[in-house]
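Presented below is the structure to which this report refers.
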Ligand code: UDX
Ligand code: ADP
């Protein structure tokens, strides 16, 4: 079937960039991205394209090119469903915060709502594509809802997980390592082929992999679990390096040159964040437990336990180094996003480190080139149900990094933004309390230079 009209439910960090690329590469397809969030859609439609709700290098140019031509953003979900031949579901699947599976399982309520809405609106056959990361066998539940509540039309379900990483989303979408499409290979061949055809507009055919539905759903969880495991593995070694005089950067280089291990994803850090790693591993743990596979569950859970340890360890090192108290001291945070080149802060290590230091009565001064004050405050309210008043007492968000660092007792680097390397560190040193401490949670600064300027500098995984 030749597809000329698609829609995507969910205009988030996955739905927005993915649909912008499809629109750019397939001018013959009308692409409509819908969301219930009126503010978010208004931002996607903002005349000034730099105001789109997601900061992602290269994305605003793409949107500027396709928006109004064959890319549309709207809150009219029903109209978009009605008009589309193919519907991508790209809504959030957070960890459940209540009831059965609380703190572990993925909450599928938004997925279910989408399925019910598609079923009630659709008056002709539709291809429904799972874009969100979902527990294995979710397609079965979606199919059940569609078939049992629909208007007698046919639904074909595909799984097409997205592997883009934030900060490099545009490049990842333009040149993916692979595109994965899962379908019921007997019944859904035609639907599968039509999705392959869309990607074939820019992705070489040999990189478009088709599998059965369950392999596709489980591959996405597995890929994220393996990536997170690498970060926890190198972070575990970083602690041992600090005790033994080994240097974790040298360790990464040495093991990464083994072609079986490879050099990527071996950067020790204050801990991984982002909307996927923790959520997906906990979900995997829950699924394994639900099949009675306790050893499998325990194995993967350790990746998250290690990550929590790394974040706590970073925060407690700050307190211990500052003579066991940070009460009333100003600690400047450079970076709040969970990684560079994004304004996303979900599960960012900065949130937990800040929370720890607030309990120790520190005053936190935050600077992040892309994260606004409102988001910082929301993150902390959400974590600890603190009142806004309490947060405002403990945290100040700055728009100038030099102001954030002025009179600080210590600086903590939480995100690896490139601009941090180019700062005038001598000027920063001169304006700080002495001794001037720097805790580099991303190993981005030059240790020798920092020490020669007079800083007491500590990095992750080395003793300098
Ligand atoms: C991840 C997966 O990479 C992507 O394929 C999937 O689609 C979504 O989840 P994302 O969370 O956007 O992408 O970013 P990623 O680059 O994977 O980084 C995740 C976290 O790990 C960040 O906090 C990052 O700083 C941290 N990290 C990554 C490290 O600490 N060290 C590393 O070597 C790599
Ligand atoms: P991701 O990072 O996976 O893209 P986000 O949380 O950034 O996730 O985006 C998911 C989006 O899906 C949110 O903007 C949310 O408002 C939207 N959403 C959730 N449920 C629905 C629904 N039933 N209809 C339309 N949009 C929805």
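A Cβ is built for glycine as well, from the same backbone N, Cα and C atoms used for every other residue.
Automated prediction, rather than curation, is the source of TrEMBL annotations.
Residues or ranges marked as NAD(+) binding site in TrEMBL: 10-15, 35, 40, 91-95, 132-133, 166, 276-279, 346. All protein chains included, residue 276 (active site, nucleophile) registers 24 other Cβ atoms within 10 Å of its own Cβ.
Taken from TrEMBL, the feature substrate binding site covers 162-166, 220-224, 260, 267-273, 338-339, 442. Annotation for residue 221 (substrate binding site): spatial neighbours 133, 135, 136, 280, 283, 284, 287, criterion Cβ-Cβ under 8 Å with sequence separation of six or more.
Under the heading active site, nucleophile, TrEMBL lists 276.
Here TrEMBL flags 332-447 as domain 'UDP-glucose/GDP-mannose dehydrogenase C-terminal'.
Distance from the CA of residue 165 (substrate binding site) to the CA of residue 13 (NAD(+) binding site) is 10 Å. Over the domain 'UDP-glucose/GDP-mannose dehydrogenase C-terminal' (332-447), the average per-residue pLDDT in this prediction is 96. Under 6 Å, Cβ to nearest atom of ligand 2: this is the test, and of the binding-site residues 10, 13, 92, 95, 221, 224 it is passed by 10, 13, 92. In the three-state DSSP classification, residue 10 (NAD(+) binding site) falls within coil. For ligand 1, the neighbouring binding-site residues among 10, 165, 166, 338 are 165, 166, 338, by Cβ distance under 6 Å. Taken through DSSP, the domain 'UDP-glucose/GDP-mannose dehydrogenase C-terminal' (332-447) splits into 47 helix, 19 strand, 50 coil.
Counting in whole angstrom, residue 338 (substrate binding site) lies 10 from residue 166 (NAD(+) binding site) by their C-alpha atoms.
For the pair residue 268 (substrate binding site) and residue 278 (NAD(+) binding site), the C-alpha distance works out to 17 angstrom.
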